[in-house]
Structure formats: C-alpha cells, structure tokens
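Quick notes on the structure that follows.
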Amino acid sequence: MAKSSSATASGTKKRKSKSGALTQEEVKSLGLELLSSRAHLNHAPTLLALLSPTAPLSIALEALISLQSFFEPLLPSIPSASAAAAVAAGGASDDPELVFGAWLRQRFEEFVAALVELSVSPDSGDAIREVALDAFMDFVKLGKDGSFNSAIYHKFLHAVVHATDSIDAVLELLGSKYAKYADVCFFTYTSLDKIANSLGSQTTGSGKDGLQNGDDGAKDRSAICVHNVYNILVHIPALDFKKETKFDMWSTVGLSSKGEKDTSEGSSATRISKKLKLKFTKAWLAFLKLPLPLDVYKEVLATLHQNVIPSMSNPAILCDFLTTSYDIGGVISVMALSGLFILMTQHQLEYPKFYDKLYALLTPAVFMAKHRSVFLQLLDACLKSSYLQAYLAASFAKRLSRLALSVPPAGALIIIALIHNLLRRHPSINFLVHWEVAQDDGEASRPKKIGADPFNNEETDPAKSGAMRSSLWEIDTLRHHYTPAVSRFVVSLETDLTIRAKTMEMKITDFSSGSYATVFRDEARRRIKQVPLAFYRSTPTSLFQESDFPGWTFGCQSNTGAQASVEGNAVHTLETVDASPAKRSRV
C-alpha cells in the first residue's frame, strides 16, 4: 500500500507540474481514484488543500463533493479522538487497521475544519458556503448509531461565536434550513450555554484584569463574541411549545445522545418540550450574565417580553436582571418596564418600589424616546388598578399635567388622554379639577399666597410631592395651546368623569405614536367650515377704528403744528405759536 501510495503521490506531482495548477477535470479524476480503492488514499490531502475560501468555485466544489463521498461511508469505522490520540502516541502502532483509523480520524478532522472555514469565512461565495454547510450538517446527522454529533457541531458554533467578521450569511442559512428541527435547537442552546459560561469566566478572571488595565483588544474581542452569541440566539428562535404536538428531528435518534429512540409520541413530545425549554432558559441566562454592550442591552430589553419570557421554563428567574435594569434609570428603565410588567402581572413578582421608580421615569425625554409608544401604553396599564392609592393617582396626574407645559404637542395629547383615564378610574382625585377652599373667619384674616402651588415637581417620592393639596391648573392653560388639536382635545376633561355610564376610557394606542408629523397631517386633513380672511369685508374709513382704542374719539385736526407727547396714561398737547387747540379730546 505504501509503494502504490507513493507512486500515486508522485504521479499527482507530475500532473501538477505540467500545468502549474489542477483543473476541474483533474480534480474530478483524483476524486474518482480516491473512491475507487485504498491505493489512492494520498489523494485526500491533495483534495483537502483545495478547500479554501479563495479557491476557484468549480475546483472547491469538486473537491468538497469528492471528499464528502469518501468520508460518509467510513464514518462508522472512524475511531474516537482519544483512540486516535493513543495510536498516534505509539500505543498500538503495529496494527495497520489502527494506524489507518488514526490517519482517517486526522483527515476527517481536517475536512470538518475546512467545512467550518468555508461556512464562516466572509471570503466564501454563497454557493460554496451553502454546499459546505449542508455537507457539515450531514456529518452532524450521521453521528454514531444515528445520534446527533454534538462534538463537531459545538466546534462549528465555537468558530461562529469567535468569528471577527460578519456571520449574518451563515446564520441566515442555519436559521432558514435547520432551525425548524428540535434537536438542532436543543444542541444549539447546549453549546451556547457552554460557550457563554466560558466567555463569562474569561471576563471575570484574567480577562477582567486585562479590561481594567486598558486592553482595548480584549474588550473588542469580548464585545464581538457577545454580539455573535446574541445573533445566534435571535436566528435560532424558540419553537412554539404550546402548538407543537410533534417535533421534527434532523437526526434519526433525536435529542438522545445514547442512541435510544422514543416509542410513545405523546410522552415524547411533552418531554422534548420540557428539555427544550430548560436548555433555552440556560442558554439565555448564561448570555445575560455576560457584560452586554449598550446596543445589545437595548435590543435584548426591547424583545425580551415577546421572544424570551413566553418560552422560558421559569420566567421569574429573570427578576434580578430586569429589576437591575429598571433601577438604572433613563432609557434602560423605560425598556425594562415591559418584561417587568409581565413578571408582576403573570408570574407573581413583587417589587415594592415599582411606582416610585415609574414616577421618576416621567420626564420630558420619555415623550421623545424611540420606545415611548410601548412605555406609555404600559404606564396606562399600570395605573388601571382600582386598588391604587389616591395619593399615587393624584401624584401621577399632577406630574403629567406639569409635563404638558414642556412636551411637544403629540405628548400633550397623550397626557390629556392619560389624565382623562386617571380621573375616570379614580373618582377620589376629581377634586384636582376644581379645588374649592372653604374660608372661615380665622382664615379670612390670614394672608394667602396668590398663585402658590404646593406641588413639588422635583420630589421623587410621590407621597411627599404635595399633589393632594394642588390642582390641575396646567390643564386649564392648554385651552390656549398654540396647537389647535391640543386646545380642542382638552375640552374632553370638562365633562363629569365621575359618571362612568356616560363616559368611556380613551385608548392610549391612538395617541402613543404621535409626533409633529401626525399632528400636522391630521390638521391638514380637517375640513374647515370657516377660515380667517386677510381682507376687509367693507372699505375702511379711517386708519384706526374706535374699538382699537376704547375710551378715545378721533376727529379731524386742521393745524399740523401741534405735537402730542404721551406720558403715562395722559396725553399733553404742546402748542406752537398761532396754533389752534387740538380737537382730540378724552371722553
């Protein structure tokens, strides 16, 4: 075998030297000879050398197909990595089959590494990337005894996570073609859990020291890995466990790694659902423990309540992450409110200072934030409970009315709708609309501060804000708002909202997405019956009308020598020589 192999290798070199590079026909001939007998085994390293992202497409495809056809029938006879390492160390080198097995194992690992490189590399074309990924997933499918080959799949995900270039192309293929299989999702979550824990140990150990010492390279690599882990989780979404009664499997055995196949479909689907939920939860928890970049942090908070919480085995385990995010303040707190609200309403989470934090979030910046629509809808939902204390409802109503003086017109419309709902749900705070002070004889002699508002807008504690002793005078000023839509809409608060049978709540969704553009568009669509005119209906007889200066009359003045000077509210006439008195007189 050695003589024939060396002869074949020398023949290959001669064939190479004639043209300088192998053609497609020559590569195809090498593949056919490799598949024909063991005498041409040395063609395998030659074909492996052609699997490069920069190689010509036809050459790389021909070499890949030939090597895939060569390794697939030999997969059951390929020894494990430990057995191959023992043979390489010289433990049983006398047996030719063991030597061949160790050699085959080494070549197979080289082929798997080449497939991973072709799939992940940005230099690979779309055609070679798809073929390489399909060939790789075929080897994953054909594991020992038909089980899922999780070892080589873990190597693939490890390469994807640590890739420095864009991985969107390979993730699109992986998500569109293989994310529908339950075992692919299961082992993806398992590998991501291990990889995320490994990244976490690096950042908390020596990696953390490197970051503190100013190692920007380590910080950038860590951020890239975190981005890649998040992208994989997004492209491998959780299956709908409530609707799925039968899960499709990529391998013949399924989730079992011991070659045991289930017989009962009902119990199997239930157990598979539980296993998937558990692995999904572990993968996300391991990811959330990593130091998330700000952009990833915001994306996670924006989608956590929709894509993650419904598929977790125990969503309450996210309470630490969400409460920590909610305590940060600013936009992060606004985005964390969605997930926190679900945990409080559906999973019995108790958060004592919830309304205090929510009260502190009401700033003018909220009405211009990107996710203001979701936040304002959740704000209305949080204030819907009939068990809300009167001082809290009054504080929120007063805080919102004060914000109406500084927010854009679209924000003022939302505030009016929110206050309308608050007054209707909580009749105990309707005194804020019309505050009447009963004056006794003792109070009448006591001096009063005209225009003083006891409400403290800078106070972060609703109980100490003084809203119960104030009024919604800010809403009355909106009658004269420069935007007609606001001045018209504020009239809705004039009705008696305590009569619930004659009134109804306003839908915040109709106003939460408002902006200057929507306000202008609505005004432009309105059909106006009467408009102000820019001309006189009758010909004017004088420059000024008597109604312009009440208390004065205007007449003709024959002498132009008189000059009038105005001092205070009196008009003094200064007469020159031979000037007649002015005929302007005060009535």
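Keep in mind that glycine also has a Cβ here, set from the backbone N, Cα and C atoms.
Note that TrEMBL annotation is computational and uncurated.
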Annotated region 'Disordered' segment (source TrEMBL; candidates 1-22, 23-44, 551-572): 1-22
Stated TrEMBL location of region 'Disordered', expressed as one of 191-213, 260-282, 444-466: 444-466
Mean of the pLDDT scores, which run from 0 to 100, over the domain 'CCAAT-binding factor' (333-490): 86
